[in-house]
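J.: One structure, pasted below without further comment.
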Amino acid sequence: QIDPKDYTFSGLKNETVGRLPGKVAGQQFVIQDCENCKIYIFDHSATITIDDCVNCQIFLGPIKGSVFFRDCKDCKCVVACQQFRTRDCRKLEVFLCCATQPIIESSTGMKFGCFQYYYPELALQFKDAGLSIFNNTWSNIHDFTPVSGENNWGLLPETAVVQDYVPLPSSEELKAVRVSTDATKSIIPITRGRRQKNSDESCLTVFFAGDYTTANARKLIDEMTSKGFQLIQTKEVLMKAEDAHRVFQQSALEFIPLLEKGPVVALEFNGDGAVEQCRSTINEVFSGTKVFVSESKASASQDVDNFYNFADMQMGM
C-alpha cells in the first residue's frame, strides 16, 4: 500500500529534505507550502506539483509527465520533465530540460537556463521516465498571458553556474548521491537554444540508431565544443522514408534503410568553419559509421531548417 505522506513535502520551513534514488520510483509527488527549504528529488517520478513555495531551492529528477508550479515565488530550480508549466509565479530561475515547449501563465520575472547535472543513476532515470537526453526545448518558452511592452521571461546568463542557484545537498543522507554540476559532465548536452548565434554558419549532423548512437553523439559534441564550436540544439526523433527525402534530399536513399532501426539523433553546431570541422572529425573519429553531415556552408542552413521543421512537426510543437 502506497502512503501519500511518503510522496509529499508539505508545510516545511528552513529544512533540507529529499528522496534518494529508488525511493520515488515513478510515483507522483507533491511539494506545497514550503519556505526557505532545499528540496532534492534524486529519482524519476510520474508528475510533480509545487504549490505556494517561497524562497526554495529545488532539484527534480526526470518527470515522465508534467511538472506544475503554482503560486510560487523566489525559487531556484533544476528540473527535467516532459511538460513544464507555471501559473501565478514570480521570480523563478530554472535550469530546465523539457521535451515539449515550456509554458508560463500569469507569471513574471521568469528566467531559464539549460539543465546541467550529473549523478550516476540519472541516465537510467531518464530512460525510466521515457525522456531523451537530446530532446530539450528549454529556451523555447510560450507565454500564455503576454503583457504588451513587457517581457515576463528571459534567459539566465550564459555564465550561470547551477551550484550558485541550487547548491549541492549538505545533509548526510543526501550527500550519499554523487552529484556533479560540472557542465562537462552533464547528462544533458548543454545547448545555446534561442540565444543569438555567434556565426552565420551552422552544420547539421545526424546519427542513426545503433548500439553506440548516444556515445557517438556525445563524442562528437566533446570534439566540436573543445574546438570552440557551439552546440545550438539536439533532437532525437523517429523518421520515415518520406521524411528522409525532405531532410536529406539527394542522399536520402543511402540513409532510408537505417531509419527502421529506431530514432535518429541530430546535432546543430555553429561557428565559422563548422561544416569543414564536422566533416573532418567524422572522417577521423567515426570512419566506419554512417552519419549524415551537411555538405557545405551553403546547404547547411537549409539542412538545419529542413530537419528541425520536420522534428517540430513530429513533436507537435
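Note: Cβ is positioned from N, Cα and C throughout, glycine not excepted.
Relevant sequence annotations retrieved from TrEMBL are reproduced here:
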- 1-146: domain 'C-CAP/cofactor C-like' (DOMAIN)
- Gly65, Ser66, Gln82, Gln83, Phe84, Arg85: GTP binding site (BINDING)
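Context for these features, please: burial, neighbours, distances.
T.: For the domain 'C-CAP/cofactor C-like' (1-146), the number of residues in each DSSP class (helix H, G, I; strand E, B; coil) is 11 helix, 73 strand, 62 coil.
Using a 10 Å Cβ-Cβ cutoff, Ser66 (GTP binding site) registers 17 neighbours.
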J.: I'd like the number of other C-beta atoms within 10 A of the C-beta of Phe84 (GTP binding site), please.
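T.: Step by step: centre on the Cβ of Phe84 (GTP binding site), count other Cβ atoms within 10 Å, giving 27.
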J.: What same-chain residues, at least 6 away in sequence, bring their CB to under 8 Å of the CB of Gln83 (GTP binding site)?
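T.: Non-local contacts for Gln83 (GTP binding site): Gly65, Ser66, Val67, Cys98, Ala99, Thr100, Ile103.
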J.: Taking the mean position of the Cβ atoms of Gly65, Ser66, Gln82, Gln83, Phe84, Arg85 as the GTP site, which residues outside that list, in the same chain, have a Cβ no more than 8 Å away, listed in sequence order?
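T.: Here the non-site neighbours turn out to be Thr47, Ile63, Val67, Phe68, Cys81, Cys98, Thr100.
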J.: 10 Å Cβ neighbour count around Gln82 (GTP binding site)?
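T.: Looking across every protein chain shown, the total is 19.
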J.: Below 8 Å Cβ to Cβ and six or more residues apart, same chain only. Which residues does that give for Arg85 (GTP binding site)?
T.: Ser66, Val67, Phe68, Phe69, Pro102, Ile103, Ile104, Glu105
